[in-house]
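J.: One structure, as structure tokens, below. Some questions next.
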Amino acid sequence: MRRFLTNLTFFVVLGFAVFWFITRPESFADDALAGLTADTSRGETVFHAAGCASCHTAPGVDSKGAPVLSGGQRFPSDFGTFIAPNISSDPTHGIGEWSALDLANAMKFGTSPDGQHYYPAFPYTSYARAEVQDIVDLHAYLATLPGDATPSQPHEVGFPFNIRLAMGGWKFLFFSDEWTIGAPNEQLERGRYLVEALGHCAECHTPRGPLGNLDNSAWLTGAPDPSGKGRVPDITPQTLGWSEGDLAYYFESGFTPDFDSSGGHMAHVVENLGKLPAQDREAIAAYLIALP
Amino acid sequence: MTRFTKLTAAALGLTLLGGAAFADGHIDAAIKARQAQMQLYGFNLGVLGAMAKGDVDYDAATASAAADNLLAAATLNASIMWPQGSDSGAAKSRAKADMWSNYPDVQAKGMALVEAATAMQAAAGGGVEGIRGAIGAVGGACGACHKAYREPSS
């Protein structure tokens with residue numbers, strides 16, 4: 001009996017240790033960004049490539065002038081509705097007080113400054129592949145944007161998904177910063193960086209499993225639209241059938257090969273891509289054409 | 001229930017169905033009409049876009065004709081093609097119901113297209129650079145409305 005209790009205690013302690021290990025929010029060491037200096041104009045390119053404004057501006061605002069990242073857009077999902085927070089430079093309601101390290105922990109690990117897990121509605125699952133230098137530059141650019149004192153709204157997520165610690169288990173199972181597709185040359189490498197890391201295309205264009213994890217075996221083959229209406233299209237070359245030039249022109253102008261125009265959330269994406277250098281749009285097109 | 005009231009009820013039912021069928025037919029026709037208007041935009045923009053992209057050699061007369069058509073299509077009185085009840089919730093359409101509750105915004109977005117098409121008409125006869133300069137604003141006007149008011153395709 002005594003031996004049994006010892007064993008039981010051992011396994012309970014082990015269980016808690018494993019639980020703690022699996023669910024603990026990861027973060028960088030305090031000196032991880034030492035020696036890096038920020039370049040604000042490079043940060044602006046990162047901002048557009050990462051599509052920050054598409055989700056963090058208020059619902060329905062037009063994209064004229066400096067973006068006000070006051071949050072409030074709603075993102076329905078099978079697990080509840082997530083509401084984009086205020087990430088403007090306001091020190092109280094936005095992220096004006098954040099260090100570059102805070103932003104890096106958020107984007108690379110999905111960990112908040114007070115050590116909580118973010119939900120992957122914030123696509124750190126893609127941003128995890130971003131270069132730390134790009135995050136430092138982005139942090140400097142975000143500081144130049146206007147502050148806004150609109151408070152962030154709580155997510156409308158019910159039990160059990162409202163237990164943030166459980167996200168640790170989800171991350172343990174599904175979170176990876178590995179590349180999905182090989183990139184044999186410099187253009188494809190840039191395209192892959194823009195698609196798989198900053199652009200986070202797969203977050204909408206790849207189907208998800210029952211726990212909301214991306215199904216990498218069906219990479220960019222389309223998925224039900226999270227709104228519940230319609231589908232996000234399959235953008236693999238066999239199905240889409242667009243040329244590399246068609247893709248690059250779409251990213252620049254919003255026009256499909258038959259001169260329909262982009263709509264819905266993709267219209268935001270096209271606005272962002274239009275602000276990137278032409279060779280970046282061409283690199284994204286090259287990556288998509290190279291998909292299996 | 002008497003035979004008479006049964007017959008009356010049946011007749012009334014048929015009348016209501018007939019009314020509904022007529023209304024549905026009208027709504028479907030209106031949806032087809034506005035989709036045809038979109039086709040006109042797409043075809044004429046395709047002519048201009050092919051020149052802008054360099055897929056087709058620039059031709060001033062063709063470009064001007066396409067730009068004239070684009071502006072003509074943009075200045076049709078669209079109001080009668082968007083009846084109440086022709087949104088994605090009620091009919092076979094991708095138009096969000098929000099359109100009908102945000103009418104001033106829809107109208108402003110429509111005016112933005114007229115302005116962009118007017119600029120295109122002024123530029124199209126003067127060379128391919130003019131088309132390249134004007135087509136971005138046309139695309140922006142199309143996208144602004146599709147961004148806010150069009151459901152994803154299925």
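Note: Cβ is positioned from N, Cα and C throughout, glycine not excepted.
Not my notes, these are from TrEMBL:
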- B:1-23: signal peptide (SIGNAL)
- B:Cys142, B:Cys145, B:His146: heme c binding site (BINDING)
J.: Could you tell me which of these binding-site residues, B:Cys142, B:Cys145, has the greatest number of Cβ atoms within 10 Å of its own Cβ?
T.: B:Cys142
J.: Is B:Cys142 (heme c binding site) helix, strand or coil when read with DSSP?
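T.: The three-state answer is helix.
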J.: Tell me the Cβ contacts of B:His146 (heme c binding site) under 8 Å, same chain only and six or more apart in sequence, or just say none.
T.: none
